Structure formats: C-alpha cells, structure tokens
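Undergrad: Below: one structure in structure tokens.
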Amino acid sequence: MQNAAAAMAAAAARPAAMAAAAGSSDYYARLLQLCQTAANPSAGQAIHAHAIKAGLLVSTYLCNNILSYYAGAGMRGGSFGDARRLFEEIPAARRNVFTWNTLLSMYAKSGRLADARAVFAEMPERDAVSWTIMVVGLNRTGRFWEAVKTFLDMVGEGLTPTQFTLTNVLSSCAATEASGIGRKVHSFVVKLGLSSYVPVANSVLNMYGKFGDAETAKAVFDRMPVRSLSSWNSMVSLYARQGRMDLAVSMFENMEERSIVSWNAVIAGYNQNGLDGTALKFFNRMLSDSSMEPDIFTATSVLSSCANLRMLKMGKQMHSYILRVGMPYSGQSQMTNALISMYAKSGSVETARKIMDQAVISDLNVISFTALLEGYVKLGDMKQAREIFDVMKNRDVIAWTAMIVGYQQNGQNDEAMELFRSMIKSGPDPNNYTLAAILSACASLACLDYGKQIHCKAIRSLQEQSVSVSNAIITMYARSGNVTLARRVFDRICWRKETVTWTSMIVSLAQHGLGEEAVGLFEEMVRVGVKPDRITYIGVFSACTHAGFVDKGKAYYEQMRIEHGITPEMSHYACMVDLLARAGLLTEAQEFIQQMHVAPDAIVWGSLLSACRVQKNADLAELAAEKLLSIDPDNGGAYSALANVYSACGRWNDAARIWKLRKDKAVKKETGFSWTHLHNKVHVFGADDVQHPQRDAIYKKAAEMCEEIKKAGFVPDLNSVLHDVDDELKEELLSRHSEKLAIAFGLISTPEKTTLRIMKNLRVCNDCHMAIKFISKVVEREIIVRDATRFHHFRDGFCSCKDYW
C-alpha cells in the first residue's frame, strides 16, 4: 500500500514526465490495480484525472480498467454514480462485452437486480460471463427460480456454462427442490467432463442431499476421484437429516479429517431425531476427543437436547460457556430461541422470560414463544401465558393449541372455548390435538350443542379418525348426558379400536348407571383380544359399584392381578372399598383396607366414609374420618361427610360439634353449585343464589315446582338438612338447593318437552334426588343431572341409578 501511494504521489508531481515514460495506458492500468488493492478511492480518482489530461481515454482497455475500479469502489461503500457516469461517457463504439459485464457485475453483486436486469436487457452482445453474472446474482439474492430460468435461457442461446455457472444453478435447484431440472443440470456436468471438479461435484452432492436422494448422492460421492472435507460433510449431514444415524456415524468414523461442521451434523442429527441423550454423549465425545470448540450451531443443538430432556443443569453450563467465550447470541435468533426454549421447558420460566425481554422480538420464533407459553401453562399462570400468546406474531396451530389446552387443563373452559372461536375466525385450522382439547372443555361444561358442531368439523376435516379426537367425542357426548350418541360414535369406529377407546366407552356407560352394558362391553373387549389397562379396570370397578355387582367386581379384581399382571394402585383399592362398602359389607371393606400392601390414602378412607352415611354406621365413620384427617387435615369434605352421618343418625349435637370443629380449625367447606348451558352461555347457581339476573322469576318457578310435586305425593327429606332448625326452615333451605334453582331456570328458559341437563360439583342429596324424580313426572321432561360421581337420568318419576348412588 505504501509503494502504491509513493508511485501515485510521484505521478501527480511529474505528469508530463510520467506520460512520456509510460508511452501507453498500461502504466495507468497497473496503478489502478494497485489502488483497488490499497482501497484508496481518492488516488484512483487522481489517476483518472491524469489519464484524461494525457488523452488516453481513447483506449478501451484503460476505460475498462477505470470502470472496473469505480465498480469495485462502489461495492466497497463508495458511489455507484462514478461508475455509471464513466460508462455513459465511453462512446458506444468503444464499449465491448467486458465493459458491459463490468457494469452488470457491479449491480448484480451488490444486489441491485433491477439495475442489473436493465443493463442485461440493453447489452448488444452477451457472452457466457454475462449470463453467469445474472445466474450468480439471482442465486445469491434468493431468487432461485429466476436463476434456474436464466440458466435455461443461457443454454437455449447455445452458450456453454462455466464451472461457476453450474455451481450456482445447482445451488438454486437445491433450494427450490427442482429435482427434474437439477438432474438435467447434472447431465450437463457429466457431458462437460466436470464431474471430477471438486466444487462442481460437491454442488451436485449437496443438491441431491437437499432432494433427500441419498442413493444418488452416495453414487456421486463414490465416483468422485477426489473428495474434499465438504464432500464428506454433505453425506454425513444427508444421512443425519434422514434419521439414518447408523450410516451418518459410519461415514463420520471413516473421515480422515473432520471439522466442526462434521461434529455438528451428527449432534444435530441425534437431536432432530429424538435421540437427545445420544446427542449429548456425542457432544461430550467432541469435547474430550477433539480440539474443536463449539460454535453457535453446536450450542443450539445441545440446548435443544437439554430442553427436551429437561436438563437444566447442563443447559446452564452451555449458557455459561456461551457467555464465557463471548459467543454472540444477541441478534442470533437461533441461539436466543434455543436458550428460551431450554429454560422454559426445564422449568426456569422466569429466566426464559428475562432472555425474551432482552431480545429483539423480531428475532424470536414461534417455537421459543410456545415453549415459554407452555412453561407458564405448567405453572398454572394463565395470565402470563396469555400475555406471551398475545405478543406472538405468526402464531401457528401449536401455539393456539398450547393456549387452548392450558385453559382447559387449568379449568378455564369458558376461556378455552372463546379462544377456539377466535382461532376458527382468524387463526390456522385446528389439528387433532386442538379438537381433542376443546371437546374436553365442552365435556366439562356439558356444552352438547357446541360439542356437536365441533364433531361435525372433525368429520369434515377427516380428523374424527384420530384416536384422540374419537375418544374425546365419545367422552364429550357421555359427559354432556347423551350416552346414546357416545355409543353410536363408538360403534361407528370401523378402524381398530385401541384400549383407550374401549375404556372411554366403558367408563361412560358406568357413569350413566348402565352397569350391565359396561360389564358386557368389557367382556367383549377381552374376547376380541384388546388388553385392558389399569384405567379400564377403574371403569369396570365403577360399573360394578353403581350396579351392585359385588361378586363380579371381586372376580375382575383377581383377573386384573393374575391374568393381566396389573399391580393394584390406590385408585383400584379405593374402587374396591367403595364397591364393598356401598353394598353394606362394611366389615369386609375394613378388612380389605387392612390387607392392602400400601398405606391407604385419603381417597380410600373417603370412600369408606361416604358409604357409612348410606349405611348409617357412625362408629366406622368416626374411624374413617379420623384416618382421613390425619392424612389431610384441611379436607373439608371429611367434616361434611361425618356430619352427614351424624345427621342421618339423628345425632344433631354431634353434627353441630363437627361443624363447630371445622369452623374453629378454619377448614373451608367446598361450596356446592350447579350449572347449565343454555343459549351459548353457562349459567351457574349456588344454594340460595341471589346473583342471577332472572332471580325473581327463578325463585317463583322453584316455589311453584315445590308445591306441584307436593301435590303429587312428594315429602321433603328433612334429614338432608345438616342443621338443627325447625322443619319449616329446613324445607325452605331444601327448596333453594342449587340443582333445584338450575332446573327452575331451565323450565322457564326452554320449550316444553326439552331435555334439561344440569351439572353439579358435589353429590346430589337425598331430598333433591327424590324431588327431581317427581319433577320429571310432573313437567313431563327428561332431566339429566351429572353430579360428582355419576349421571342421573330422571324420566317419568324414575332415575337410572335405581336409587343406588
């Protein structure tokens, strides 16, 4: 650079002597080349001025050199205007192909393709270089189809592509997966004898790799007389992307030389194919067996594996390494997203949120947002989850589904349904996971009409055939009170029914009091060779419990253990205790608890305690309550159940003592409420509800209803009131139970003969059960009540449970 500056200074001081000594434009051309090397724009302009004074611009050779200098200066941040002005000053007669190609290359290499196309169109003559410049420019700016078309036009003009043309058009074919054209370009390579030219051969290899054609790629690889490191890496990457990790590793082990790209290909391959543990082992091998330092791509794959395995400690170590070596991840969206996903999936949601807050939102992808969203969902923090969801751009079906599932799993079913409606209006098409989740929300709210609409959507989108969707449809109909439609869906499933499908139907039949049908379906399931699982047996035990099939229940318990090798879990023990106790076999139920191989939990003692109310066994109820409260001191249900037993036995003082004890210990009693879904809205009622806008009309109808059923012979069960008050007040309290208010609302809000569907969070009391039987006969309607344990179908004065619940 110093020599060039000295020569230019001397030339400026002695223009006449310099011109005389040079005698031609060659000297100026050499100086311009020195200026380009030294990146000295002012010196180049000085040489241009001296050439003008010396009258040497008549030389096309010198003009081309000056133009080339200005073009290069423009691409290094200078002005394209100088090059364009000089080009315009060169007489058309002295412009040759090189002149035009210089200007064309300047525009194409700088990405100014509109200007490049204009120059290309004006060119009086084009050679192979002209066409190659356009192909290269289009390929580098991502206009792959245009690059391919330009190449085809070039060949159509009869021009022979160069090695550089071929490598770029092969790259464009790979990017667009234009396999037909790519194979034709490959034939050009063979015809021109360039198969042994390593850059071209690598481009062919890379193209077939992008096509996923491993066999042809391997054939090209095997025929290469000389292979570069890039050749080996292409094959390792191809096999890894296809999940053929045995071949990828075999190729890797045969490499004489490896780069970080080689290691990254295998690590990423394991990670992308779900073999995250192996990916981390291979990463550790890289650290111990090679001198390679992890780069951004290594770190991204390792963080992804740590995220999938919930390995927070190793993920933190990788993050520390990134910070320690100064690996840039600000502005590196891939790295930032990997860090957010790792922390969010590993349970460190707040750290993930901090990284997201420090990042540029445009750098974040839907995967990292979704990981953070799911992290908040797992914590039950739906407010934060919704904030993340609302700032997401280009939300995909996974993000929508994660949010809907989060609402549904956290009991916010109304929000889940509202978001699903928004998804239908403005989001992507729901997938089978979305439909299964929203069907579960419909089931929880007993939204039968909306559930039917979603069922229709599942049929139209062919997603009804998904196991998860079909099971959700069965459950939706069953929990919405229509077990007939649930069975119809089950029977229509023509593909092989899986265990979970059979189980869904068995549980549904059991919940609706159809014990014989549930048991019969279970027998059919075993007969056709479908193996029941632990949940299937819970459904069967439940069916036997509600139908009073004690002997069958005992037989199925032994079958579960001996024939199917399922070790009883606490839920099975609880079912068996409930089966025995409800049948009045309290002593046998107590003996069963004593013989259990594990200590009974609160559910087991709770089952025994509930049965004691039916059997009016206060002594055993006291024992069960004592055991239950020793496990769960804040269990308000235990106090309520024991008080119920005392009330049923007429021991009002003891019942009052239990209520006072609960109050003194500040144990909250679960509030009973009922709800019904009418006119696309869920209406909720509590006992003695005063919140509903139609309160006066509801209370008036409830009072009329009570008078009508009394005339039909109904006698209130005053023992259902757990307080020692006078009979008149007891009767008034009973008339305002939440399920009665919900029924009254249904009667004034729906046409005659319409089926009413009422949901209740607690078990229906004796008085309400008897009253609803009378109501169903008086108003001539079917009333379906879903309480905490089962369904009751009331019709013509009878209940499907046969008063055994």
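For all residues, glycine too, the Cβ spot is worked out from N, Cα and C.
From TrEMBL, here are the annotated features:
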type   : residues : note
DOMAIN : 713-805  : domain 'DYW'
REPEAT : 96-130   : repeat 'PPR'
REPEAT : 228-262  : repeat 'PPR'
REPEAT : 365-395  : repeat 'PPR'
REPEAT : 396-430  : repeat 'PPR'
REPEAT : 498-532  : repeat 'PPR'
Undergrad: What are the helix, strand and coil residue counts for the repeat 'PPR' (228-262) according to DSSP?
TA: 25 helix, 0 strand, 10 coil
Undergrad: Per DSSP, what is the residue tally for the repeat 'PPR' (498-532) in helix, strand and coil?
TA: 26 helix, 0 strand, 9 coil
Undergrad: Other than its close neighbours in sequence, what residues sit by the repeat 'PPR' (365-395), given a CB gap under 8 Å and a spacing of at least six beyond its ends?
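TA: Counting only partners 6 or more residues beyond its ends, the repeat 'PPR' (365-395) has Cβ contacts under 8 Å with 307, 333, 336-338, 340-341, 343-345, 347, 349, 352-353, 356, 402-403, 405-407, 409-410, 412, 415, 427-428.
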Undergrad: If I take every residue in the domain 'DYW' (713-805) and average their pLDDT values, what number comes out?
TA: 85
Undergrad: Quick one: DSSP breakdown of the domain 'DYW' (713-805) into helix, strand and coil?
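TA: Across the domain 'DYW' (713-805), DSSP assigns the residues as follows: 37 helix, 16 strand, 40 coil.
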